Amino acid sequence: MSAFDTNPFADPVDVNPFQDPSVTQLTNAPQSGLAEFNPFSETNAATTVPATQAPGPSQPAVLQPSVEPAQPTPQAVAAAAQAGLLRQQEELDRKAAELERKERELQNTAANLHVRDNNWPPLPSWCPVKPCFYQDFSTEIPADYQRICKMLYYLWMLHSVTLFLNLLACLAWFTSDAANGTAFGLSILWFLIFTPCAFLCWYRPIYKAFRSDNSFSFFVFFFVFFCQIGIYFIQLIGLPNLGTSGWLAALSTMKNGPLAVTIIMMVVAGFFTLCAGLSLFLLQRVHAFYRRTGASFQQAQEEFSQGIFSSRTFRGAASSAARGAFQGN
């Protein structure tokens, strides 16, 4: 309808063909696509340029308020601490019980391994007196020392038999001559004293020395056994009124005594001579073994001092003496 409103008699308006909106839109469009277009390339597809969006207005930073955690009450803290202590106590009790159980097991194992019933002297079960010592050469004595240790044990047995035969010889001598009653009484005393003393004073020390390689026990044996050899020589000589049936006593009965008594006394004198000879031989053998072990007198002194100071009896006596001296002052 606008075409009818125009005045056909008016001057015509100059129309610019380049002012057409469709033309201006094309001319204002970005020319990047034309610059990137290559008509000679294999693909004639134009590169699409993404349109960039303008950033929006910046928002002000807002600080979020921090929320404080709730503080525990004193009752809750005390309850938590008590619960922790209870847990620790239970753990300690459990560990203590476990340690006690292991210690008991170790003690039982050690008791089963080391505790042995005494077997010497070998007495019958009905006897009220029980064995006093444990003796086993195969388990306690090293293989290198078993033979010499057994020989010393056999020497002690020969020593006991000789003293018993000496008692019988002195009894026969007393029956043939009543003046020899003193010799018979002393022979009984020697048998009752020297038999156990020899076992305790020189045989047991050498047994302990070979068992544990103890220098102090070696020195005890050497001292006592040397005295024992001296006693053997006195006994084999047979001095009068000493309670021994030696060579002099046996020869004195040949003139005015029965022949049987003389023979018995000479046999006993031969036993004393045999004991003296075996004692010298075994003393030499033990000394050779002693030097082979590397023991010394200084080591024996150290073992003696350690044994003395570790003894409860010695410590008790020393403390009592010190207390008495302090009170006296």
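From the backbone N, Cα and C atoms, a Cβ is placed for every residue, glycine too.
Residues or ranges marked as compositional bias 'Polar residues' in Swiss-Prot: 19-31 (among others).
Residues annotated as compositional bias 'Polar residues' in Swiss-Prot: 40-51 (among others).
Sequence annotations record features per position, and here Swiss-Prot assigns phosphoserine to Ser319 (among others).
Summarising the annotation, Swiss-Prot assigns phosphoserine to Ser320 (among others) and lists similarity to another entry as the type of evidence.
Per Swiss-Prot, region 'Disordered' is recorded for 1-74.
For the region 'Interaction with SLC9A7' (203-218), residue counts in helix, strand and coil come to 14 helix, 0 strand, 2 coil, using DSSP. Residues or ranges marked as region 'Interaction with SLC9A7' by Swiss-Prot: 203-218.
If you look up Swiss-Prot, you'll see 1-153 (among others) marked as topological domain 'Cytoplasmic'. Averaged across the topological domain 'Cytoplasmic' (1-153), pLDDT in this predicted model comes to 70.
Taking Cβ pairs closer than 8 Å, the topological domain 'Lumenal' (175-181) reaches residues 253, 257-258, 261 in its own chain, all 6 or more past its ends. The topological domain 'Lumenal' annotation in Swiss-Prot covers 175-181 (among others) and is backed by sequence analysis.
What Swiss-Prot records for 203-218 (among others) is topological domain 'Cytoplasmic'.
A Cβ distance under 8 Å defines the sequence-distant neighbours of the topological domain 'Lumenal' (240-262), meaning residues of its chain 6+ beyond its ends; these are 165-166, 169-170, 172-173, 175-177, 182-187, 189-190, 234, 268-269, 272. Look at Swiss-Prot and you will find 240-262 (among others) tagged as topological domain 'Lumenal'.
Summarising the annotation, Swiss-Prot assigns topological domain 'Cytoplasmic' to 284-329 (among others) and lists sequence analysis as the type of evidence.
Long-range neighbours of the transmembrane segment (154-174) within the same chain, counting only residues 6 or more positions beyond its ends whose Cβ lies under 8 Å from a Cβ of the stretch, are 180-181, 183-184, 186-188, 190-191, 194-195, 198-199, 203, 235, 243-245, 249, 253, 257, 260-261, 264-265, 267-268, 271-272, 274-275, 278-279, 282. Among the features that Swiss-Prot reports, transmembrane segment is placed at 154-174 (among others), with the record citing sequence analysis.
Here the transmembrane segment (182-202) has long-range neighbours at 156, 159-160, 163-164, 166-167, 169-171, 173-174, 220-221, 224-225, 228, 231, 240-245, 249, meaning same-chain residues at least 6 beyond its ends whose C-beta is under 8 angstroms from one of its own. Under the heading transmembrane segment, Swiss-Prot lists 182-202 (among others), citing sequence analysis as support.
With a threshold of 8 Å between CB atoms, the same-chain residues lying at least 6 positions outside the transmembrane segment (219-239) that come near it are 166, 194, 198, 201-202, 205-206, 209, 245-250, 265, 269, 272-273, 275-276, 279-280, 283, 286-287, 290, 297, 300. Swiss-Prot lists 219-239 (among others) with the feature transmembrane segment, giving sequence analysis as the kind of evidence.
Under the heading transmembrane segment, Swiss-Prot lists 263-283 (among others), citing sequence analysis as support. Note on the transmembrane segment (263-283): residues 148, 151-152, 155, 158-159, 161-162, 165-166, 168-169, 172-173, 222, 225-226, 228-229, 232-233, 235-236, 238, 244-247, 249-250, 253 of its chain, located 6 or more positions outside it, place their CB under 8 angstroms from a CB of the stretch.
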Counting each residue once, how many in the topological domain 'Lumenal' (175-181) are helix, strand and coil under DSSP?
6 helix, 0 strand, 1 coil
